[in-house]
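Undergrad: This is the structure I want to talk about, given as structure tokens.
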Amino acid sequence: MALANPDSLKNSNLSSLPTIAAIATPLGRGGVGVIRLSGTRAYSIACTLTGKSEFKPRMASFCRFYQADGTVVDEGLVLYFKGPHSFTGEDVIELQGHGGMILQNQLLARVFELGAKQAGAGEFSYRAFDNDKLDLVQAEAIADAIDATSAAAASSAIRSLSGEFSKKINQLLEQLIHLRLHVEAAIDFPDEEDVDFLSDGVIQGKLEQTQEKIQHVLATAKQGQLLRDGIHVVLAGRPNAGKSSLLNRLAGQERAIVTDVAGTTRDTLQETVVLNGLTLHLTDTAGLRETEDTVERIGIERARTAITQADILLMVYDVTCDLEEEITPLQLAEQLFGELPEAKCLLIIANKSDLLNHNSSKGMTSISQEEIYNRGYEQVNVSCETGAGIDDLVETLCAKVGFHPPENSLIARTRHLDALRRTAEYLAEAHEQLTVFKAGELVAESLRQAQHSLGEITGEFSADDLLGKIFGSFCIGK
């Protein structure tokens, strides 16, 4: 269910908003199921539902939950959080009954009978944002903590939820505001002092300090975005090159079927793993070759689609295969690199490299490191059979995307990076206008745009459609 129209919520009178309700725990068999209510009628609904006349704030009360005819729907605990001292800033009720879809749905239906409306996705969090209980970064951190794919990502999300990321952004906003005031004062009162503030170096120094801090926060945010999103790694190559074996080795389990029959993999296969703290979204693909097999041909088409969506492409080849009459590994690498999005990366993976030092290596297709270097590629030697080189591969993947999160990293999203980059660009414009053209009005305008871009991160300046997209991606009940 979509989030209610932000225009109908932002800065609304709380009494005019409907009381909302939703199941806040996963549906299915479980020990406890929680239904959350928020709004002006939440308290009265709880009283009618239980037959109680009063609930003390922040005190758990054991109650039976009744249908209109007096039959018992369920029994459990009622928790009352009186606004504004609640998550949403409104009166909040939590009904903690037994888990299970039937009981939970019956209880929720009764709550709707008493006047509550179904909450939209993320609507509880939106009301918390609307009532200044949390900012946009903190609201997003709730969803990021729930969706975290690693312990490091979860910890980073909790730090963002506690306000650490917002604090960094707000400190930068404060600096920008003071800088704008300084510049605009120099413009509005040019004759008040003998000193030319646009030329004395003070504003330039403050501006450069702000630029340096923006770059530091941007670097931190890049690590946070990698922690949150991970990278998409696609395994491609000729049939029987060892792609599926490599996926199994990285995943630590037999996820893909491996046989000696070329063309065993007919479709893409996804697996998500966390290695060295970095989340890898792995995609195994069908071997690339000319074929008359209709099903295999469809798989190859899907493989090429997956390649275009890769952050890093692993072009796997088998060093024991004689490819004299086929396309060479380097030719295939260049062909695949041409299909990658701009600024994406390709690594050549030499599988069965443990056999290169054996007498049986005669006639193998191993590519010289010099030839690879001259073509601008990098090769990692691995053995899917023994596991040799796998650690080197993981370290190379981390290095390629610059993944080295600090101990106290903060979760970040792509939109945060976009806003920080735009802020940095506007500050660079301001610096040029100041140092080259001495154009105070243009400096002030660039600083205003920088402040606006930075304010988008915490929600100080955010379009309603953006808010709808962000909160609409949340769980029902959050």
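Keep in mind that glycine also has a Cβ here, set from the backbone N, Cα and C atoms.
Fair warning: this is a prediction, and the values are worked out from it, not measured in the lab.
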Undergrad: Where Swiss-Prot shows Glu94, Lys133, Lys478 binding (6S)-5-formyl-5,6,7,8-tetrahydrofolate, which of Arg36, Arg421, Arg422 is named for the same site?
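TA: That (6S)-5-formyl-5,6,7,8-tetrahydrofolate site, as Swiss-Prot gives it, pairs Glu94, Lys133, Lys478 with Arg36.
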Undergrad: Fewest other CB within 10 angstroms, which one of the binding-site residues Arg36, Ser244, Lys478?
TA: Lys478
Undergrad: Please give the maximum pairwise Cα distance, in Å and rounded to a whole number, for the (6S)-5-formyl-5,6,7,8-tetrahydrofolate-binding set Arg36, Glu94, Lys133, Lys478.
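TA: The (6S)-5-formyl-5,6,7,8-tetrahydrofolate-binding residues span at most 18 Å between Cα atoms.
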Undergrad: Can you tell me how many other Cβ atoms are located within 10 Å of the Cβ belonging to Asn240 (GTP binding site)?
TA: 21
Undergrad: When the pLDDT values for the domain 'TrmE-type G' (230-402) are averaged, what is the result?
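TA: Averaged over the domain 'TrmE-type G' (230-402), per-residue pLDDT gives 85.
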Undergrad: Between Thr265 (GTP binding site) and Lys133 ((6S)-5-formyl-5,6,7,8-tetrahydrofolate binding site), what is the CA-CA distance rounded to a whole number of Å?
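TA: Their Cα atoms are separated by 51 Å.
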Undergrad: Far apart in sequence but close in space: which same-chain residues, 6 or more away, have a Cβ under 8 Å from Lys133 ((6S)-5-formyl-5,6,7,8-tetrahydrofolate binding site)?
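TA: Set apart from Lys133 ((6S)-5-formyl-5,6,7,8-tetrahydrofolate binding site) by at least 6 residues yet with Cβ under 8 Å, we have Pro84, Ser86, Phe87, Thr88, Gly89.
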